[in-house]
Amino acid sequence: MSDLRPDLAIIAANVAPGSRVLDVGCGDGALMAALRDARNVDARGLELNPANVASAVGRGLSVVQGDADTDLLYYPDASFDYAILSQTLQTTRRPDTVVEDLLRIAGQAFVSFPNFAHWRGRLSLLWGGRMPVTRLLPEKWYDTPNIHHLTIDDFRALVKERGWTIDGQWFLKGDRQTGDANANLFAEHAVFLLRR
Amino acid sequence: MTTIAAPLDDRFGLDRKVTLPGPLRLDGGGVLASVDIAYETYGSPNADGSNVILICHALTGDQYVASTHPLTGKPGWWTRMVGAGKPIDPARHLIICANVLGSCMGSSGPAGIDPATGGKWAMRFPVITIADMVRAQAMLLDHLGIGRLHAVIGGSMGGMQALTWPTLFPDRLESVVVIASTARHSAQNIAFHEVGRQAIMADPNWRGGDYYADNRPPSAGLSVARMAAHITYLSEAGLTEKFGRRLQGRDAKTFGFDADFQIESYLRHQGISFVERFDANSYLYITRAMDYYDLAEDHQGSLARAFERTKARFCLVSFDTDWLYPTSESRIIVHALNAAGAQASFVELSSPFGHDAFLLDVPELNRVVDGFLRAGERG
C-alpha cells in the first residue's frame, strides 16, 4: 500500500480488515484495489469520470459511474462499514448533504480534503490579492472543480453544528503527517473519521 | 446433474440442435410440449466446470456468435468480443450461444414445426416472453449437464435475457454482463416495434402468417420493419457523418422517388438483405416479447426486489449516443442493484455508433468486459 497517495495511505491503514467499504470518488480504484488485496475488504466505488470507471472495472473492481451529489440516495441505510470521500468534498454541490448521506449509508466515514487556510494560501490572498494556486489546489479560480473551498476549522464547525462525532483526525504537510496544533494554519491536507 | 468434463461428447460443438422434452409453461399461458433449441458451443470446460459463459443474442441475432452464418456467409456477429485473445476466449471458456425461443434459426418458433399437427406453427405458436427465452436456455444447460454459469452476457435484447437470468435462477450464475440494454421497454420502444409489426401485417403476402406453403413471405413488410428499426440502432451524428445529404450514384436530385440519397439506398439494402435471413412471423413474436418485458412489473413494481435473492456480480455498460436504450435506463438498473446491495459496476462509454456500438469496435468495451470476467476468475 506504499504507492498510495498519503491521505489514502492513512485511510487504508485505519480500515478494519474484512469490512465493507464504499469509496465515493474512487478515481481509478487505487485505494479500493489496495484495500481488497491487503485487507480483504469488500470495496465498492462511485466515480464520475468514465475513463476512471473503465480503468477500475478493467482491474476487476466494482465501480459505478455516478455523481456523489445525486446518486448516493440510492444506497440503502447502514449498508457499509465505511464510506470514503477523499479529495472530493470540495467538488460537490452540497458537501453537507453528501456527508449526511455517507453517514446514513455507512457506520463511519473518512473525509479528506485540502485545507484552504494553509498559510501559503493565506499569504497569497493577503499579499498578492489573488486566489491561491498551490500544489494541492493547482487550478485557477475559473477552471477549478473545487467549488466549495473549505478550511479545517470550517469543517470542524460543520461537524459540531450537525452533531457528528470525530473518531479520528490526521493532518498532512507535504507527504508527512503533522501535529494537531495549529493544523488550520500549517496543514495542507486533513483526513477526518466521522460517525453520526 | 453430471459435471461436464473434456473430452466433450456430441452435445457440444458447432451447429448443434436438440429437441428437449417439455412441457415448457409459458408466461402467456401457452405450453410447449417439447422445445427445439439450436445452439453452438466453443471451447472446453475447465477442471471444475467453472468457466462456462452463456451468450444471449439480440432481436435479429442468432447462435452463430463466432462462426460463419450459414445463410449469409458472414463471420459471427460478435467476433470482436468472442475468439482467440478476446475477452471471451475458447481457450479459457466454454462458450454457449443458443438461438432464442421464437426465432427462426432452428429453435422453436413460428417458422418451426408444431409437433401436434406436423405443420408450420405460424401464428398458432404461443406468445412468448423474455423470461420464457431464459427458461428455454436453462433447459439447454440442464441437457448439457451445466449447473452453474461463470457468466451470462448479452447486448440489447441479449442484455434483457442476461438481466432476467439472476431473477429466475439466482443461484445458477456468478456474474451478469448487460450491454446497451434496459429493464423495461419504454413507450417509445414499443411504438417503433408496432410500426414494424404493422408494416409486416399490412403486406398482402402476410396472410395471417400462413405464407410458408407457397414460399411467398411478406418481404416488403419485413423490409420496411427492418428499415424503421435500423434507424433506431444508429445515432443522428453517426448518420450525418456516414451519409449526410450525399446523393447515391448521381450528380443531381431526380425529382422522383428513387433512392436519391445514400441513406435511402443504405436503408433499402438493410431491408432487402434482412428478409433473406429472417422470418417475418419470428419478428412479430420476438418484438412482442421485448414489448412485454418489464422486470420491475414482475416483482411488485420494484426492480430492486428482482435482484434481492442473487449473489451475482453485475456489469452494465451503456453508450452515450444510444437513444434506443439510453444511459438513463442503465442507471435505473444500477440504482436498483445498489438498493439490493448487489455487486455492481456500471460505465457509460463514448461511441459515435449509437445503439449498434455494442457490436462494433469499441476497445474500452472489451477492456471493461475482460477485466470484469477475469476478476471472477481469480483463485
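From the backbone N, Cα and C atoms, a Cβ is placed for every residue, glycine too.
What TrEMBL says about a protein is an automatic prediction, not a curated fact.
Among the features that TrEMBL reports, domain 'AB hydrolase-1' is placed at B:51-359.
Under DSSP, B:Ser156 (active site, nucleophile) is assigned to coil, being neither helix nor strand in the three-state scheme. Less than 8 angstroms from the CB of B:Ser156 (active site, nucleophile) sit B:Ala58, B:Leu59, B:Ile179, B:Ala180, B:Ser181, B:Leu324, B:Tyr325, B:His355, B:Phe358, each of them six or more residues away in the same chain. If you look up TrEMBL, you'll see B:Ser156 marked as active site, nucleophile.
Among the features that TrEMBL reports, substrate binding site is placed at B:Arg226, B:Asp356. DSSP assigns B:Arg226 (substrate binding site) to a helical segment in the three-state reduction. Counting Cβ atoms from all protein chains shown, B:Arg226 (substrate binding site) has 22 others lying within 10 Å of its own Cβ.
The active site annotation in TrEMBL covers B:Asp322 (among others). There are 28 other Cβ atoms within 10 Å of the Cβ belonging to B:Asp322 (active site).
Counted within 10 Å of its Cβ, the other Cβ atoms near B:His355 (active site) come to 24, all protein chains included. Among the features that TrEMBL reports, active site is placed at B:His355 (among others).
B:Asp322 (active site) and B:Arg226 (substrate binding site) are 18 Å apart (CA-CA, integer value). Around the Cβ of B:Asp356 (substrate binding site), 22 further Cβ atoms fall within 10 Å across all displayed protein chains. DSSP gives B:Asp322 (active site) a coil state; it is part of no helix or strand.
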